[in-house]
Amino acid sequence: MNGVTFSLLLFPPSVFICSFMVAAPIFGYLGDRFNRKVILSCGIFFWSIVTLSSSFISKEYYWLFVLSRGLVGIGESSYSSISPTIIGDLFTNNSRTMMLSVFYLAIPLGSGLGYILGASAKVAAGDWHWALRVSPLLGITAGTLILLFVPEPKRGIADQMGRIRTRTSWLCDMKALAKNRSYVFSSLASSAVSFATGAFGMWIPLYLARAQVVQKTAEACTKEICSSTDSLIFGVITCVTGLLGVVIGARADPLVCAVSMLGSAIFICLIFVVAKKSIVGAYVCIFIGETLLFLNWAITADILMFVVIPTRRATAVAFQSFTSHLLGDAGSPYLIGLISDALQQSYTTSALWRFLSLGYALMLCPFIIVLGGMFFLATALFFLDDREKAEKQ
């Protein structure tokens, strides 16, 4: 894969992530001060309309498609920043942990179904645009149901805080979050998870396809539309492991999350050891590694609800998302691709070296995951103190 193709491949997703990052703090500010249900529904409607419209853009207007991906990021950042705070004010303690787990099931479920739907639509219709015409209908339905049936709870009502002191300024909120050690370390740990998942989503299907070429069980694809088997299998694994991980994580704590991250790093390392000989073995390692990795999604949000007061939770969620994308999947696919391209420059015609160079580049992910495990250990050290401080406030 040359540099030009690589850049075109990653440009639209990067625009989406960058716009998501920029918009998230704005919606966090709004979510702490205005009606969250209205903002949430409008964000979903906006996302649905832009997604549907982008499916009709022809390749002659590529710049317009890139712009649409940026607008989609703005729409998605609205409900990603606000939804957890509504759940946090509707439930408390174990019920809140469980409901957040149910909410975060949407991440692996949507990601996995996205791989499956996208790959199936591309092959069945010979045109990937059809995948963008199914999800908007679901989005409009969800936005309507939220607007009609989801209540707008008072901030802090589930925590039985009674009368909350006067809302502080945005600058004061940011200073308080920066001093909150559990929040900072758990956000950095979340960034490590985002780094790995972003890189895997982009490169693991290609890596496994190259592994089969090396094993001589498949031919190298030279067509514009290639077989989607690896993407389908990886999508199913991502969906199932995400469900398992989030369910298990509903009963976890920062220390268990740290251990699971370290265990995940071991199995992800094994992917690159066994893939050359056994694709099945690689899928088994992916399954275990991703299950342990995805265990942390719900508990990270639950940690935030315990250590941040209700009137600044939307801001906290937004900046955690900003940090996770900035340090995680906004750059990890690029970085892995650049490392792989640099390694294979001298042997561009060798199928074995194309396979190995991508594997060597992906080996960066386990090291980042271990670093994330260290951040979760730090979170465990300060969690009880920060929770007590939040309760006193």
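Here the Cβ of each residue, glycine as well, is placed from N, Cα and C on the backbone.
The domain 'Major facilitator superfamily (MFS) profile' annotation in TrEMBL covers 1-390. Here TrEMBL flags 6-31, 38-57, 98-118, 130-150, 183-208, 232-252, 258-275, 282-309, 360-384 as transmembrane segment.
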Who are the long-range neighbours of the transmembrane segment (258-275) in its own chain, taking Cβ under 8 Å and residues 6 or more past its ends?
189, 192-193, 196, 207-208, 211, 252, 281-282, 285-286, 288-290, 292-293, 295-296, 359-360, 362-363, 365-367, 369-370, 372-374, 376-377, 379-380
Cβ under 8 Å, sequence separation of at least 6 from the ends of the transmembrane segment (130-150): give me the contacting residues as numbers and ranges.
37-38, 40-42, 44-45, 47-49, 51-52, 54-55, 86, 114, 117-118, 121-122, 124
Model confidence over the domain 'Major facilitator superfamily (MFS) profile' (1-390), as mean pLDDT, sits at 81
